[in-house]
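Asks: Shown below is the structure under consideration.
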Amino acid sequence: LGEWVWVDSDIGVPIGARVKVTPSGQRLLVNDEGKEQEASLKIMHPTSVEGVEDMIKLGDMTEAGLLRNLLLRHKQGIIYTYTGSVLVAVNPYQDFPLYSADQLYHGRKLGELPPHIFAIAEACYSNMTRHLRNQCCIISGESGAGKTESTKLILQYLAAVSGELSEKRIEQQILESNPILEAFGNAKTIRNDNSSRFGKYLEIFFNEDGVIEGARVEQYLLEKSRVCHQALEERNYHMFYCMLAGVTAEEKKLLSLGHAKEYKFLTKGGCIVCGGRDDAKDYKRICSAMKILTFSESQCQDILKLLAAILHLGNVCFEGNTKNNLETSDVSKSQHFSIAASLLEVHKSTLASSLTHRSFMTNRERVTKPLSCEQASDCRDAFVKAIYNKLFIWIVGKINSVIYKRMTKSTKSSFLSIGLLDIFGFENFRTNSFEQLCINFANEKLQQFFVGHIFKLEQKEYMKEGIVWNNINFSDNQNILDLLAGTHCNLLALIDEESHFPKGSDVTMLYKMNKQHKGNKIYIASRSEHDTDFGICHYAGVVHYDSKGFLEKNRDAVSSDIIKMVDVSTNKLLRGIFETELSTNGAQTDNRKQVVTLSGQFRQSLDSLMKALSACHPFFIRCFKPNNDKQSKLFDRELCMRQLRYSGMMDTIRIRKLGYPIRHTFGDFLKRYRVLLKTTICDPKSVSHDIVLLMIILYNVDSLFHRFSVIFVKSKMLLLNVTQDNTVHRRIVPEPVKETSVKTLVPEIKISTSPSTTPTPSLEEDDDEFDDDSDEFSFRKFSILHFQGKASHMHINQRLRQPLLHHDDEGDACQTVCWIIMRFMGDLPEPKSPDTVSHVSSTISRLTHRQNRRLSNLVGLDQPENFTEDEDILIGEGPSLDRPLSAQEKLNIIIGYALSRRDIRDEIYCQICKQLVNNKNRKSRMQGWNLLSICLGIFPPTDLFMKYLESFVRKGPSGYGEYCSERLRRILANGERKELPCWIELQAAKTKEPIDVSVTLIDDRTVSLHLDSASTSAEVCQALANKINLRDTYGFSLYITLFEKMWSLGSCGKHVFDAVSQCEQEMRRQGKEEKNTPWKLSIRKEMFTPWHDCSIDPISTDLIYRQAVKGIKSGEYTNEKEDEYVNLAVKHYYIQFGSTHNKDNVRKVVEEFIATPLIENKSMTKWIELISTAYLQQNKESVKGELVDSSRQKWPLYFSKFYEVTMMSGPPLPKSRFVVAVNWNGILFMDGRDKKLLELPYLEIKEVESNIIAQTMNLATVRGEFVLKSGEAADMAALIKNHLEGLRQRSVYALAQQDSSKTGKISLMMNAGCFKYCKEKTLLKQAGPIPRCAHIAFPPHHRPPANVGRHGASRGVGKEKLWVCSKEPLKQPLMKYLVRNSDLSNLACNAFTDILDTNYMGDYPIKHVRSPIELTDQIFGPATQHEALQDEIYCQIMRQMTNNNNRLSMERGWQLMWLCSGLFPPSPNLMRHTQRFLESRPRDQLAAGCLQRLQGMRRSPRKFPPHQVEVDAIQQNSAQIFHKVHFPNDTNEILEVKSTTTIKDLCYNIASELKLSSADGYGLFLKTPNKIMSLDEQEYFFDSLRQTSDPPKKAKKVKEGNTNMLYLVIFKRKLWFNVSPGKDLVADLTFHFPQEVPKYLKGYHNCTKEDMINLGGLLFRVEVDSDRSQFVMIPKMLRELVPADQIKSMSPEEWKKHIISSYNKQSGITVQEAKIAFLKAISSWPTFGCAFFTVKQTCESSYPNIVLIAISKQGVSFIDPKTKEVLIMHPFSRITEYLSEGGYFQMTIGTLVRGVDFVCETSQADTMEDLLRSYFSMYERQREAFRPRNQMFS
């Protein structure tokens, strides 16, 4: 009695039955359905009676056992069951409370807890993080089985788990993609209320910490036909119904929309309502999701317009006609057609023509053919389907652009991923079309993947390992796939083939399919020729398909007429979604074979998907639907049995039960369980597999390995049958690539400086107004031809509203220039100086605001946000231009624009000329001509304006016409300038006189020269040579000196005053006036010709001689041996004193010739003795020449020109980037100053060519051909060519190819680019020059050395001392570990160059003026982002401070060390060396401070480079930094802040300074002109300032550089807990009262009339104290006494009466007591201490549109702003998620996985998020503090 047995059933599978006894005592069998049975089959196993969680454990391993197990669990409301690691999920058709945060599956292994979808999600997540391998989850099942919901649950779980670790909020954005995709891609079908009508593969990317970094959605085959046709009881896509139910009445009117029943496209299925769905609520949810995914308001409206257009087009009808025996059609007159055309933004006639006509190409012309009514309807439907399909693809792309954005910055391989596949289930409807064939094909592929993974691969592995195994026969669907897409002439191939035939039809296609596959058992052919259907025996059952429409759907084509119509539309979104078609339409042919069909596209996508899945470790979820009626407690046995069979569950259970699901490689196994071995040998190569297993089994089977039932070891794999999986965590780090960087090598040149002065000239102008006549090239004629609008050529007194000339993208710049030009001329007044004291945070240690900015700053490209409300101030003009500017500043802005933007040069000249024509103001006119003359010396106009400008300036007033014409001629001849005009040019322009400059010679004589703005270094050198009679000018160059820095301007086309301008910019950077810039010009010998002859020009020889003497004395030119110094000193003696020997004269020679360190090393007496001993008598003049020649021979490198190059190709060298030095001796490839890579004498050079466009030089040598890239390639090639040609003309030597002793005949190497290289050479010298006619001319001017021409490396050079100060850039990092990482290596080398920069340590020539903050950003910025660079920076700074004799350089070096020691510490290995470095320099003032900062750096390093305040402080040599902090009561304090002070530290310091009872609850805020931001207490103070107050990097018009933004640092109460008025008077008066009064007056609190009267009296006392005479002012003071929304509740006089009465009752109290009384009165209100936010919401229809949100210590309250009633209060415990994104705030109330989202719009979204986070953190800290100690370590 009570026994369970199996009995037969009518579905062909036994069912359960139980033995019962009737009242009469008769025994009966009652089956599971309650029916009586008479016979039984067999006894039921106990596991089938109660049911099991994992069906592998079933005793009845039969279909009946599986089916009954699912039935039992379904009845119990248990929807999840395991089959090994496969999860079976039965759709319950009702909500179950299974998805709360209490489902603690995180961190638990599969099988530890009851079956659940979260367990599979956790298995995916833990497998990914543990094994570092991508995972995927394949969710399969029939339509309606619950795949979409399962996908969402897994996604929610992964987002929840990641969200606990993440701060990026990408999880919420990924989750929000679901409602959008469902709305546009899901619909109600017969079997499923939310059926996915497209396939979706969502790949979620994680970083190594398991935090979601991004995701990407791939969509497959949207069912387009549903837009136009739905089966009975089915709906169109959800979005249509949601739109009609959810849009406002105003939007409906705008789109001319009505009710769903009015539209044919929505009523074809006879169903417009879906039970269980609230379309209006869903619409709000969709809109909320779109906002979170950054869909703009305009984009949302554009989407609605296209959806509305589709609905209206569906109601368009066509009228048939017959014309010329052809069926034609016209669009029936209807309002819907007009509305559709309007929404699509096309003309009605264009739309009508494209729908009713079809054009196509014949052999000769395009023919247009009318369409019948039916064809026109089909064309309309095709258009509508194309719009919806492309709109869907666009929406997916938009979602991906948000959730995949972070991934595009990194390679995909650097992330791990979990893929979720939610793809259409197997479908079998009454009528199945082409879509169903594709869907079922996809399901066949997935089934094959499942079969392959579960069965094929598993059994193949067992066979490979030689395990005794009986193969399981499983349901393999490979033959079905072969029929569909595998074999030759498969079904999809036949469909494609027929689609390509112009005359192909569905009938011909079906005929070919029947004929080809009639004999195939899987294919069911049509019964007769008239039938249009065929069938396929799928793995899930037989499906019959109707072939009608197959080809049209497969062609998936939109007619060219439709595309042309789209092309003329002005609807941006419509054009955007058809972008591909529009771009190819012009070039499209009528060749259909080149068009990819829909099935072809789908197969490609499917193949890509399968490839992605194959690369992952898969998990499977098999979704079952218990019935077809969507009933919650109905279990259809037959339906479920069918699903069980085709899902392969039976076979799955068998193979999982018998097989070996867990496996480890032998090496992994040994590594994991090595502790169990009785040996220390643990090498997988040497330890026997069998020994390991035997030892484990013998000694440890009881203790640890009781879980193993079978262990097989064979080959390379170990197969284990284990109940739990264990794995080894591995990680692979890629090896970096080596790359080096080289900077230009420039020898150091030192020279003394002397300031230069320029007198300020006076103006002499005539008083005649300038007017422009009307000759051929008059300015008036130009204005008529080219000016925009109604602009004239004459003077105006107001700013231009638009540029004079047309510009594509320079409008704002032109108007800014106009403003500055008019201010320069005096046509507009200078703005008043703004009061910036209230905006700028004061600092004790800051420097005067610097004027130095880069060119981009000077021209207004780098300005902060606009703070002025003046409508005349344009974007970018900001406060830095809207202030009084000096004439020099205005000139810099005007010309800066011209130099940086070539396109507006004519505009600038036109604006100046315009202001000069008919200008009545003489002063303005003279300023204008002054400005014009300066511009003409800097940049020329374009050819368009050239002749007009020449004509204009010729007619200038007295003196200016000729002056300006000459300047224009000069700038055209010498080329435009590169830098801003300098101060001296501005002065010269006023007098119209040349600029007088002095050039210093080597012998300290000076020569005066007349220069102008266009003067070049070549002109200066030539003019000077003429003055001093210097004939041999070659190699003499002009040099400019500023302070201790000197650099060459060469003798070329470089503009002299560009270099002067750079010097002035450096002065401006230092906060000094430009007119005091101490620049100095001098001339020096820079290089020799190879044929230099000292006898040619004695003046040249004398200058070089004096340069050599100075160079030797200064230590610039050095010798290795003292004998060489002695010989040179002897020569110098003879030059100075002749042949008479005198000991005193020898002493003078030593003093002026021998370097001081050499004299100190060896006594003066010894040097006198050495020189006297070497005394010889020689001719004086020849000795001078010998000394010069000795200098030339000994120091060729110091008389070289240097070029930075990159070798593009050539014989191999150690470096590809190096410096080329060209001198008289040849060409050297240099790596740094001392290391030679290659030395090439001129003899070995065959040919030199340059490519100006490519900036390359081809250097053909006997060693091979080098291709070198350089910005100065042309100059380098010209120099080498000049030397080669000169040598060839003077050469008397040649190289022989063979020995004359052997042949008696000399074979010579020829010139003319055809040098030949031989192994044996003999050097010959003829008695005289070889005849020129023999074509034998060679570069060597003197007899070459014996080894010339031989291959091999150049002579070695002494090794560079890496620890000693260098004046050259690094070619590779100092730290070895950086060398192989090309990115970090480049950053390291760039940082060293910035340290050397003239603007910092000053050890490298100036090129671009950069501010200190720019340089510190570039020095320290990369190191704050890359820890590996931090030691490198320390080493670079210490290197430059070792053996550095330059005082200024050392001072700047200590400043850098001080900054560095406050940013990050050196590594432990470097720390002791750094400390020793600092300790060894006690005399340096900053050494002790740096050491103290270094030792105090105990926290994490800084995240950003130093702040401007820190840089300014240390540049003032102040090691203390002070900053002003403001308080709510309008007071402030100046406090000391250190580089390592955190926000929390500063808060505690402020609390201590103010003597507050506690610092808890207070916070620091940064106020900028735009908003107030809270600062994170964990961040460093200066990091926070950098992060929040630095200007943004704008895309186009903002370049690099820092611009100080105005900001205030404010300290106030942030969290209102433990606030009891009267308890802490300082807090009450400084913070609580001034913070609460504004909230009260804004009307946020709900208070009574009596409250307001009482508080009004108190506030009145606070305002006037005891001054009763102020009673009359009460009506005017009501806004300061009464809530704003309550002022009108009584008349002013009534308020006055009540407030006076209240004031009198409170008589006797002080102002301070009144403030405390106010706080005590409001502290009892529930909204006391709340932060209030006014937001706009549409989520909750029961709430008003505008809601007041109050955040307090209790939670988040929603308040009606009108009634002040609290609508609802959410305590913090119920808030599971909150985030802000682009002006929207979202909060989730409920459980971690399933909750209710509230979304609102507010500009303070980020403030709300920050405040909530702070309250949550506060409560978390409190919980930590009160947690029992024994739990804190659990």
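Cβ atoms here come from the backbone N, Cα and C positions, even for glycine.
Automated prediction, rather than curation, is the source of TrEMBL annotations.
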Asks: What range among 491-513, 606-628, 1227-1249, 1388-1410 does TrEMBL describe as region 'Actin-binding'?
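Replies: Feature region 'Actin-binding' in TrEMBL: residues 606-628.
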Asks: Any idea what the model's mean pLDDT is for the domain 'Myosin motor' (50-732)?
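Replies: The predicted confidence over the domain 'Myosin motor' (50-732), as a mean pLDDT, is 83.
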Asks: If you count the other Cβ atoms within 10 Å of each Cβ, which of the binding-site residues S143, T148 comes out on top?
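Replies: Top count of Cβ atoms within 10 Å goes to T148.
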Asks: Could you list the residues of the same chain, at least six apart in sequence, whose Cβ is under 8 A from the Cβ of E142 (ATP binding site)?
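Replies: Set apart from E142 (ATP binding site) by at least 6 residues yet with Cβ under 8 Å, we have R191, G425, F426, E427, A540, C623, K625, Q643.
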Asks: How about long-range neighbours of the region 'Actin-binding' (606-628): same chain, 6 or more residues beyond its ends, C-beta under 8 Å?
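Replies: Distant Cβ neighbours of the region 'Actin-binding' (606-628) are 70, 74, 83, 85-93, 117, 120, 123-124, 127, 131, 133-142, 144-147, 150, 191, 201, 203, 218, 220, 417, 419, 421, 425, 441-442, 445, 449-450, 453-454, 634-636, 639-640, 643-644, 647, 649.
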Asks: Can you check which residues sit near G141 (ATP binding site), meaning Cβ under 8 Å from its Cβ, same chain, 6 or more apart in sequence, and list them in order?
Replies: K147, G425, F426, R622, C623, F624, K625, Q643, S647
Asks: If you take the centroid of the Cβ atoms of G141, E142, S143, G144, A145, G146, K147, T148, the listed ATP site, which other residues of that chain have their Cβ within 8 Å of it?
Replies: N91, N192, S195, G425, C623, K625
Asks: Count up the helix, strand and coil residues in the region 'Actin-binding' (606-628) according to DSSP, in that order.
Replies: 9 helix, 8 strand, 6 coil
Asks: So for A145 (ATP binding site), how many other CB atoms are inside 10 Å of its CB?
Replies: 25
Asks: Quick one: among the binding-site residues G144, K147, which has the most Cβ atoms sitting within 10 Å of its own Cβ?
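Replies: When each Cβ's neighbours within 10 Å are tallied, K147 leads.
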Asks: Counting each residue once, how many in the domain 'PID' (1747-1776) are helix, strand and coil under DSSP?
Replies: 3 helix, 18 strand, 9 coil
Asks: Which residues of the same chain, at least 6 positions away in sequence, have a Cβ lying under 8 Å from the Cβ of G146 (ATP binding site)?
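Replies: The answer is A89, N91, C623, K625.
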